[in-house]
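To keep things clear, I will list the structure first and then write my remarks on it.
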Amino acid sequence: MRLIVVSGHSGAGKSIALRVLEDLGYYCVDNLPVNLLDAFVHSIADSKQNVAVSIDIRNIPKKLKELTGTLEQLKTELDVTVLFLDANKETLLKRYSETRRIHPLSLGGQSLSLDQAIEREKEILTPLKAHADLILNSSGQSLHELSETVRMRVEGRDRKGLVMVFESFGFKYGLPSDADYVFDVRFLPNPHWEPALRPLTGLDAPIAAFLEQHQSVLSLKYQIESFIETWLPLLEKNNRSYLTVAIGCTGGKHRSVYLTQQIGEYFADKGHQVQIRHTSLEKNAKE
């Protein structure tokens, strides 16, 4: 039996993630009280049914160690993944404004504004986020995009083995929150300053030809591949579900996209489970 515990910020997409898991055949329970988690899991352990439960801020005990302790104990007995849904404040404010729903922490006697409730929830959930096996940032994603992201990550994990995620990004949009390793490639020659190349992306052949003229680009590509190859056996031995490698340049359009695609394909050709994402390209395509 596999257990996925879904948690994260209110408005970040926990309900969407749970619906995706239900479509994938998981038996899903929404907002299960933490003190019932251990008993519930053991009551259905013999069914061999994969299970997903969501836990939100209303059900998290004041002493968070009660939850993290339960999760750590379950991990010694079962295949447990803690999925944490994250999003930036701007996205959460926009979603609450669109749905006109009240934040859970604004209910009751606390009388917190939406902004205060989001900040307070972030503070409470930080230790749980540190225990997460998989963090998905839904900032700027549509319902369909988030559903596909959850589906890809879960289906990749169900095939067993480490899933390698390579994502390009632009530093001007901020660091990705789910990265295990971040490589800054802003020091490499920039095709942006070539007028004929500026409209293209790192997926286009002229950009590849430009970058491959420079030994610094080829050397960095080789060194990143070698670094990952060196430590990959130990990462796999550590029973990790995912390894997320983020490569960033200024705008996330040329250098980072080229290197992310090339390095991702390198490991895919070696038989690894690989997912490649170009976050800034996807962001700009929607605008």
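Every residue, even glycine, has its Cβ placed from backbone N, Cα and C.
Swiss-Prot annotations:
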{"type": "BINDING", "residues": "Gly8, His9, Ser10, Gly11, Ala12, Gly13, Lys14, Ser15", "note": "ATP binding site"}
{"type": "BINDING", "residues": "Asp56, Ile57, Arg58, Asn59", "note": "GTP binding site"}
Other than Asp56, Ile57, Arg58, Asn59, which residues of the same chain sit close to GTP? List them in sequence order, counting a residue when its Cβ is within 8 Å of the Cβ centroid of the site.
Ser10, Asn31, Ile55, Ile60, Pro104
Winner by Cβ contact number (other Cβ atoms within 10 Å) across the binding-site residues Ala12, Ile57:
Ala12
Restricting to the binding-site residues Asp56, Ile57, Arg58, which ones have a CA within 10 Å of the CA of Lys14 (ATP binding site)?
Asp56
Whose Cβ lies within 8 Å of the mean position of the Cβ atoms of Gly8, His9, Ser10, Gly11, Ala12, Gly13, Lys14, Ser15, the ATP site, other than those residues?
Asp56, Leu85, Ala87, Ser138
Pairwise Cα distance for Asn59 (GTP binding site)/Gly8 (ATP binding site) [Å, integer]:
12
Which residues in the same chain, at least 6 apart in sequence, have a Cβ under 8 Å from the Cβ of His9 (ATP binding site)?
Leu85, Asp86, Ala87, Leu92, Ile118, Glu121, Lys122, Leu125
Restricting the comparison to the binding-site residues Asp56, Ile57, Arg58, which residue's C-alpha is spatially nearest the C-alpha of Ser15 (ATP binding site)?
Asp56
Give me the count of other Cβ atoms within 10 A of the Cβ belonging to Gly11 (ATP binding site).
24
Cα-Cα separation of Gly13 (ATP binding site) and Ile57 (GTP binding site), in Å?
13
CB contacts for Ser10 (ATP binding site) [other CB atoms within 10 A, all chains]:
23
Of Lys14, Arg58 (the binding-site residues), the residue whose Cβ has the fewest other Cβ atoms within 10 Å:
Arg58
Measuring Cα to Cα, how many angstrom lie between Ile57 (GTP binding site) and Ala12 (ATP binding site)?
12
